[in-house]
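Annotated site 'Transition state stabilizer' per TrEMBL: ARG38, LYS45, in sequence order. The annotation site 'Positions MEP for the nucleophilic attack' is assigned in TrEMBL to ARG177, LYS233.
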Amino acid sequence: MSGARPARKSSGRDGDETLRAFPGRLWCVVPAAGRGTRFGAQRPKQYVALAGKPLLQWTLERLAACERIGGLVVALAGDDAHWPGLRELAGKPVLTTVGADERSGSVLAGLRALPASVGGDDYVLVHDAARPCVRGDDIARLIDRGVAAGGALLAAPLRDTLKRADAQTRVAATESREARWRALTPQLFRRAELMDALERADRDGVAVTDEAMAMELAGHRPLLVEGAESNIKVTTPADLVLAEFLLRGLRAEG
Ligand SMILES: Nc1ccn([C@@H]2O[C@H](COP(=O)(O)OP(=O)(O)OP(=O)(O)O)[C@@H](O)[C@H]2O)c(=O)n1
Ligand SMILES: C[C@](O)(CO)[C@H](O)COP(=O)(O)O
């Protein structure tokens, strides 16, 4: 990413000349306002170098390359000093807004910053900036099955034996892995329903860790759509090594 510019709240007017999002394609909100505490780098992990580019650049490029996505809204930290001022990727508009102290708040800010042309009943995607290895075919399958189901998320079935630990990190119990899945992103919901669910969780003081949790609390039953195990979330430095390996494989696939 070229020279950094401070994050600023984009209004619909900012990208009017490119807001003609590709007809029939969905907008994607990208929460990218985290601090990367568990990663422990000098800069927020979304800006650490990954295969020669900032991690966030990979994620945004992979989303913009997806045929089914028409525009991106990136929620940035108010003091983000690394954002390069992108306004377009692959001919698709890139808008920004200021995120919040929690991921759910950043997602809500992104939903609010979507162009007015995105109606309340329109489906939108939410994808972590920290997941640079997402596959376009997974996104397409999520959209096709999620729209039919009224909302969905990519997920991976738990394949390891699951242990619960006591305070001394010793096995307290072995938990069933039957019907247990790991939630991934993107997650796909109607704009208004998701905003209502997130606002309701916030009012109720419930800390939701993904969009589907907020939707479940609001009475919805999102569909799990199996996604690639390679769609990892970069949380610690060890994940970055794996992400570089996975990206190389994705590039080899073309
Ligand atoms: N207040 C926040 C917190 C997180 N995120 C984003 O949500 C995604 C998943 O969050 P996580 O992996 O937990 O990132 P961090 O919160 O930065 O990591 P940590 O918890 O280690 O600080 C990331 O793309 C992150 O930038 C966000 O937009 N706003
Ligand atoms: C949204 C998510 O990636 C689904 O697994 C996860 O909940 C994010 O958690 P984090 O602690 O904010 O990284």
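Just so you know, glycine gets a Cβ as well, placed from its N, Cα and C.
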Assigned element (helix, strand, coil) containing ARG38 (site 'Transition state stabilizer'), judged by DSSP: coil
Filtered recorded sites, from ARG38, LYS45, LYS233, whose Cβ is under 6 Å from an atom of ligand 2: LYS233
Integer Cα-Cα distance in angstrom, ARG177 (site 'Positions MEP for the nucleophilic attack') to ARG38 (site 'Transition state stabilizer'): 26
Winner by Cβ contact number (other Cβ atoms within 10 Å) across the recorded sites ARG38, LYS45: LYS45
Least buried by Cβ count (within 10 Å) of the recorded sites ARG177, LYS233: ARG177
Rounded Cα-Cα span from ARG38 (site 'Transition state stabilizer') to LYS45 (site 'Transition state stabilizer'), Å: 9
